[in-house]
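According to TrEMBL, the transmembrane segment annotation covers C:6-28, C:35-56, C:91-113, C:167-188, C:219-238, C:244-263, C:268-285, C:305-324.
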Amino acid sequence: EPALIYDLGGKFDKSFNEAAFNGAERWAKDTGGSYREIEIQSEAQREQALRRFAEAGFNPVVTTGFAIAEIMGEVAKDYPDTKFVNVDGFLPEIPDNVLLISFQEHQGSYLVGMLAAMASESDTVGFIGGMDIPLIRHFGCGYAQGVKSVKPDAKIIANMTGTTPAAWNDPVKGSELAKAQISQGADVIYAAAGGTGVGVLQTAADENILSIGVDSNQNHLHPGKVLTSMLKRVDVAVYDAMTAGPDIETGKSMTLGLAEDGVGYAVDENNAELLSDDMKAAVEDAKAKIIAGEISVVSYYENSSCPAYDF
Amino acid sequence: MEVMPKWADVVLVPLISLVLAMIISALVILGIGEDPWAALKLMVQGALGSPYGWGYTLYYATNFIFTGLAVSVAFHAAMFNIGGEGQATLGGLGVALVCLALPWPHWALALPAATLGAALFGAAWAAIPAYLAAKRGSHIVITTIMFNFIGAAVLNYMLVNVLRPPSSMDPASAKFPDGTALPSFHDMFSPIIAFPKSVPANISFLIALVACLVVWLLIWRTRFGFELRAFGKSESAAVYAGISPTKIIMGSMLISGALAGMMAINTVQGEAGRLVLNSVEGAGFIGIAVALMGRSHPAGVLIAAILFGFLYQGGAELALWMSIPRELVVVIQGLVILFTGALDNMVRMPIERVFLWRRRSRQAAGE
Amino acid sequence: MDFSTLIQILDSTLRLATPLLLACLAGLFSERSGIFDIGLEAKMLIAAFFSAAFAYSTGSVWLGLLAGIAASMVFAAIHGLASITFRGNQLISGVALNFLASGMTVLIAQNWFQQGGRTPSLIGGARFEGIELPFAIGPNEAAETGRPLSELLSEAGPLQLLYSELISGHSILVYVALAAVPATWWILYRTRFGLRLRAVGENPAAVDTAGVSVIGLRYAAVVIAGLLCGIAGAYLATGLQAGFVKDMTAGRGYIALAALIFAKWRPWYALGACLLFGALQALALRTDVAEAIFPFKMPVQLLDSLPYILTVVILAGFVGKAIPPRAGGQPYVKER
Amino acid sequence: MKDLADNSAGAAGAAPGSPPAIELRGISKAFGPVQANKDISLSVAKGAIHGIIGENGAGKSTLMSILYGFYKADRGEILINGQPTEIPDSQAAIAAGIGMVFQHFKLVENFTVLENVVLGAEEGALLATTMSNARKHLTEIAEEYEMNVDPDAVIEEIGVGQQQRVEILKSLYRNAEILILDEPTGVLTPAEADHLFRILRGLRDEGKTIILITHKLREIMDVTDTVSVMRRGEMTATVKTAETSPEELAELMVGRKVLLRVDKKPAQPGATIVKVENLRVVDEDKVERLKGVSFEVRAGEILGIAGVAGNGQSELLNVLGGITAATGSIQINGNEIDLTGKHSDGRSRRERSIAHVPEDRQRAGLIMDFTAWENIVFGYQWDPAYSSGWLMDNAGIRAETEGKMERFDVRPPHPQLAAKNFSGGNQQKIVLAREIERNPDLLLVGQPTRGVDIGAIEFIHQRIIELRDAGKAILLVSVELDEIMGLSDRIAVMFDGRIMGERLPAETNEGELGLLMAGVTNGENS
Ligand SMILES: Nc1ncnc2c1ncn2[C@@H]1O[C@H](COP(=O)(O)OP(=O)(O)OP(=O)(O)O)[C@@H](O)[C@H]1O
Ligand SMILES: Nc1ncnc2c1ncn2[C@@H]1O[C@H](COP(=O)(O)OP(=O)(O)OP(=O)(O)O)[C@@H](O)[C@H]1O
Ligand SMILES: [Mg+2]
Ligand SMILES: [Mg+2]
């Protein structure tokens with residue numbers, strides 16, 4: 001029986017934890033299996049949950065968020081028979097029973113950035129992040145590169161919601177930021193801000209401009225108003241890990257990018273009319289080139305800086 | 001003359017209140033379709049039934065002792081310091097800067113230095129609101145609320161732009177040198193009590209206990225404490241007695257801030273070994289509830305802090321084994337605060353009547 | 001900063017100030033009667049959830065509003081029970097309610113809607129729409145003339161712009177909040193109830209010996225606070241947003257409390273304080289304006305904390321000592 | 001029970017045979033374990049002024065609060081004009097025509113006079129008409145009873161005498177037929193008290209019934225028709241005023257003979273202890289409160305400062321006590337002391353052997369929530385004598401407190417009891433014990449016997465005289481002319497921030513002092 005440990009944001013964070021939850025639910029429904037889960041409430045519970053689940057025989061133990069990776073690396077050594085999987089984390093040395101899954105968010109963001117630039121009439125696009133942390137800059141940086149690749153002179157307005165945990169759950173502030181960006185000319189806004197993003201998408205729909213969702217497919221929230229969503233298939237990763245069960249291949253890290261369909265952009269009936277064939281063609285072309293290595297999207301992580309936007 | 005014997009007031013009333021809170025919690029648990037009896041057993045077993053449980057319960061309690069004492073000290077001077085969150089945040093920064101500054105050879109050296117760093121930074125974060133309150137009459141509640149937000153921004157900036165090792169994408173400081181690692185309960189008590197290696201409770205708990213004693217001495221046995229309480233009870237009388245309001249406001253708030261800051265040695269140095277975003281996790285606000293419930297007395301704070309530690313660890317066990325949403329734990333915490341802290345008279349009044357009646361009938365019999 | 005930017009910032013100010021103002025006035029009623037209320041946050045949050053939940057289920061935002069107000073009043077009644085009837089600690093009661101609201105809303109939301117602790121998005125009549133005042137240039141006029149709104153606005157004179165953009169177009173609750181200021185003032189200073197309310201917060205014994213029920217007055221005040229917080233919460237969830245998201249009040253109750261102290265517990269000052277806080281927050285959203293004003297690139301964290309820093313500066317520089325209602329925070333105990 | 005009075009007769013204006021205005025039967029009331037009233041019966045004829053006396057804590061206020069519906073009696077019956085009447089709250093009392101002026105006024109401090117009068121008796125839901133009618137009505141009443149107050153004055157800005165008028169006006173505004181006054185003269189000047197009694201007599205002559213609680217036997221003899229004595233919660237006697245004497249009442253009250261006059265030897269003044277020159281104080285509102293005050297007090301003498309409250313006496317005490325900054329000069333034992341800055345606070349004064357018994361024991365002299373032993377060192381907590389090392393020597397302080405409580409006859413003699421649980425007289429004794437036992441060179445005393453029962457007054461006066469006889473200087477401020485005349489060796493009269501003149505008690509009289517207090521001089525001084 002697998003176990004799933006969510007990061008501090010909780011499983012209803014409108015972001016990758018919720019995606020993980022969705023993946024697990026889908027797995028449970030498809031296989032009829034059951035899994036154990038915990039939403040930790042404090043830093044100290046990370047290690048506690050890992051050990052308790054491992055001791056109780058859950059296998060594999062799947063975790064989300066980079067913050068748990070380090071302690072997971074240490075705990076894993078004490079439980080060689082248990083497999084540990086982490087989404088988003090990084091470890092310099094990976095123990096044999098650990099699998100690290102990370103996503104090339106910048107690539108997905110690059111593609112939605114291209115779409116944003118193509119859809120924009122004002123040549124001004126917005127980005128709203130939850131908090132000024134490297135992960136969010138990473139999203140924003142890929143997005144900015146995508147925008148600039150289509151319209152080198154386009155203006156990018158970026159805002160971060162705040163510095164306290166409330167920053168991820170303040171849709172009202174998200175709305176106001178969106179309005180502020182709209183009044184500065186933005187007509188497409190990409191939100192990477194958890195629950196705050198709900199407000200961004202809402203306001204964009206109300207004000208009749210386009211928005212871009214994040215992590216999971218949020219197109220359905222406002223049909224015809226959400227240009228697309230940057231998909232980060234945490235749900236797939238979790239689904240696959242649970243499906244593989246105790247036999248999952250570990251001792252390595254896996255990077256899921258465009259090539260692996262780990263990231264992407266959402267196309268469905270809700271946004272079919274928003275994406276012209278030209279737009280799709282251009283994006284598909286870029287996607288192929290990125291996979292082929294012809295276009296290199298710079299990751300903010302590489303040297304903590306972004307070529308397309310000065311955070 | 002008191003109506004009730006002290007034990008009834010100190011033990012019986014809180015106990016019945018707690019039971020009431022538990023009954024309502026049980027109804028909520030029933031409401032979401034789980035078994036309340038099993039949940040209760042799990043909480044008690046998981047939090048108090050083993051060294052493992054105690055190792056976590058006391059870890060959380062340590063945080064709440066520090067922040068609870070912080071609120072209490074200020075409270076005695078009639079200062080409502082809601083800035084514990086921000087002061088503890090800055091305390092964490094202090095600990096991190098100290099721990100990262102030198103290749104500390106041994107924790108026995110690092111601990112006093114880090115404690116000093118935590119206290120200094122926490123006190124510094126309380127100093128501006130205190131100064132404004134003393135000199136400009138600014139309301140301490142507003143300024144400390146504002147400083148909570150500002151503190152969060154400072155920490156965010158420091159972690160993202162200054163303390164984060166270039167190679168790491170995690171908004172957190174580098175790992176502290178090994179020499180700063182504090183002895184955990186496992187290291188400290190291993191031959192006598194078998195705390196598992198992983199429990200986060202550490203020597204900071206003992207420091208917290210010492211802090212309780214020191215605060216008790218400070219408030220009730222020193223001249224400064226005497227003056228502080230006098231000022232808190234009656235500013236006009238304090239002025240008559242020649243007690244300087246500035247001295248008391250500044251002194252009490254600096255001590256309060258220092259205590260809140262010291263919480264960081266438990267979380268930042270003791271548990272995490274590095275500084276992360278939001279390492280305070282609301283303990284500053286819990287400190288308010290702890291201080292109020294503990295009637296601003298160190299002994300009361302200690303008990304209330306352990307109660308909250310129990311709720312945290314018990315809640316974690318619930319979350320681990322019963323797939324109970326963490327919001328339920330928050331609800332239980334709210335109910336416990338409500339019943340033991342705010343609705344205590346609902347229990348006390350009838351009990352008082354019983355005691356009064358017994359006393360009267362005994363007097364009547366005696367006459 | 002040009003004129004239209006100014007208007008946009010002011011517009012944003014008004015929206016951000018509205019929930020603060022309602023909560024602040026709620027606190028004003030409660031604290032003027034001698035009952036401290038740090039549970040403003042809780043009441044707003046519970047109201048936000050129930051208003052959204054009922055608006056969604058019934059399709060009527062008005063029923064939602066009523067449900068939100070009712071929920072908020074239930075919380076107010078618990079606060080009253082603890083702090084008036086049982087003479088408990090008012091601060092603890094408020095803290096406890098904040099915990100309860102934060103947990104309950106998500107629990108119930110998940111139980112009812114299974115959408116990750118939030119309500120489904122509200123559409124149509126389940127939301128408060130902006131009201132277009134007469135003669136204002138808005139979507140209606142754009143639809144009639146068949147020309148885009150932005151074009152119409154760009155042709156408008158400054159006054160027309162001010163009227164159309166800033167005054168017109170808000171949801172009805174914004175106007176309710178603004179109207180609540182003179183109403184509060186009038187109730188407080190021009191009615192019997194207000195006279196007694198102010199008296200009970202200063203010296204409950206005076207009210208008691210004058211033959212008026214202290215308990216009744218305080219309950220009334222606390223319930224009015226519930227009403228106003230209910231509107232504030234409903235405005236967040238059904239006016240500004242289209243649904244409930246967990247913890248969506250995001251600390252606004254505490255800011256409202258700060259505004260209340262800032263306003264020295266007076267209605268018109270409360271308007272000023274909330275507008276000021278709203279304006280500072282609105283300004284912090286405008287990186288472009290900040291960059292134009294300040295000659296250097298500001299770290300986002302500094303920009304983000306600017307409202308709080310400025311509040312402290314203003315408080316220290318221009319606002320004198322705030323004297324709370326004298327009987328505030330203490331239960332009325334005649335005999336022990 | 002010793003019942004010497006025949007209540008149905010005697011009182012002026014009452015028709016023979018009509019039922020008493022007030023009749024209490026078997027009233028009992030306990031506060032938790034404290035039995036404040038035990039089976040009390042009392043009847044007061046219509047149109048009478050009835051006095052109630054008793055030691056601090058005897059239960060007088062409690063009984064009257066029950067009559068006014070503020071407290072609920074545990075047992076007993078109330079009859080108003082012969083009708084059994086339930087009085088569960090003050091509203092019922094007001095409806096029954098009862099008005100009460102409490103010992104501690106029940107006024108909203110930051111409201112105007114008019115608002116306070118109207119509160120609870122508004123005509124309708126809106127204030128506009130209520131206010132204009134009330135203003136008219138209030139002016140009428142005020143004129144009728146010669147109680148001028150400015151209806152728009154804010155309570156906290158007017159004197160206590162005025163505040164008390166507001167309380168009485170409140171009752172009259174509500175058409176009270178029965179008026180209860182609990183220690184109304186405790187804070188009044190003799191002139192104000194005389195005025196009050198004129199009003200009370202006028203009200204009686206109109207047929208209103210009045211109950212007056214006071215500790216001043218002279219007032220009882222002056223104004224009442226009948227008087228009751230309470231002891232330890234019981235009504236021990238009711239007598240006709242005309243048939244008793246102060247000495248008898250005092251004995252009934254305290255249970256022993258009480259010395260009603262101060263007994264002291266002539267003063268033996270020594271060296272000058274304090275020399276004050278040209279003292280000036282400007283308050284926050286830029287009003288000059290002291291306008292150049294000069295005097296000196298020598299060892300072994302008591303300088304009494306007489307004056308109507310609010311003429312600068314409080315400021316004078318506060319400057320000497322280190323609470324208020326001032327200009328001018330003060331020398332203690334020949335040394336100049338700071339009047340502003342760091343070394344002008346209360347502690348610096350205490351270090352120079354100046355002790356201070358403040359006018360307001362509850363707001364300044366005591367921390368009401370502190371225990372008696374904590375209050376015994378309050379203000380002197382820095383003294384090394386009270387510490388051992390870093391910590392305060394609490395056990396030592398408690399032991400010392402026991403001694404002081406015994407010597408000052410503080411009842412109950414429990415050092416652990418909080419100050420708020422002592423009666424007013426005993427609270428005052430705690431303050432005096434603390435200040436006098438420091439054996440200061442200069443003792444500042446403000447209103448030492450305000451609200452204190454006669455047994456305690458006698459005691460307090462004796463202690464002050466003893467300190468004088470030990471060669472210490474004493475500066476006494478009191479609005480009680482009796483007290484000033486009885487205790488002082490010299491009397492200075494203050495008016496409008498200035499000393500109008502100095503008199504020797506033997507060579508002056510109340511009339512002359514009263515004129516000085518009103519600012520009338522015969523060319524002397526400024
Ligand atoms: N509200 C109260 N709660 C508890 N005990 C009280 C209360 N009021 C009075 N008492 C107690 O009841 C007793 C009678 O008090 P009361 O105030 O009636 O005395 P009093 O005769 O008016 O005294 P004084 O002359 O000092 O005014 C005292 O022992 C007092 O401690
Ligand atoms: N609410 C109360 N709770 C407990 N004791 C009280 C309360 N109110 C008054 N008392 C006690 O009742 C006694 C008499 O109180 P009262 O109000 O008559 O004032 P007092 O102490 O006589 O003051 P003063 O003589 O200075 O006017 C005191 O012992 C006081 O401590
Ligand atoms: Mg009395
Ligand atoms: Mg008295």
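Any Cβ shown, glycine's included, is placed from N, Cα and C.
Sequence-distant contacts of the transmembrane segment (C:244-263) (same chain, six or more residues past either end, CB-CB distance under 8 Å): 19-21, 23-24, 26-28, 31, 37-45, 48-49, 52-53, 98, 102, 105-106, 109, 117-119, 232-233, 236-237, 269-274, 276-277, 311, 315, 319, 322, 324. The transmembrane segment (C:167-188) and the transmembrane segment (C:6-28) are in contact, since at least 3 Cβ pairs between them lie under 8 Å (pairs 6 or more apart in sequence).
Stretch with the most C-beta contacts under 8 angstroms to the transmembrane segment (C:6-28), considering only C:91-113, C:219-238, C:268-285, C:305-324: C:268-285.
Cβ atoms under 8 Å from those of the transmembrane segment (C:91-113) belong to residues 36-39, 41-43, 45-46, 48-49, 53, 56, 75, 78-79, 82-83, 119-120, 244, 246-247, 253, 329 of the same chain, restricted to positions at least 6 beyond its ends. Listed as Cβ neighbours of the transmembrane segment (C:268-285) (distance under 8 Å, sequence separation of 6 or more from its ends, same chain) are residues 9-10, 12-18, 20-21, 24-25, 28, 178, 181, 184-185, 255-256, 258-260, 262, 303-304, 306-307, 310-311, 314. Remote same-chain residues near the transmembrane segment (C:219-238) are listed as 18-19, 22-23, 25-27, 29-30, 32-33, 35, 37, 40, 43-52, 55, 61, 64-65, 68-77, 79-80, 83-84, 119, 122, 126-128, 171, 173-174, 176-177, 180, 193, 197, 200, 244, 248-249, 252 (criterion: CB distance under 8 Å, separation of at least six residues from the stretch ends).
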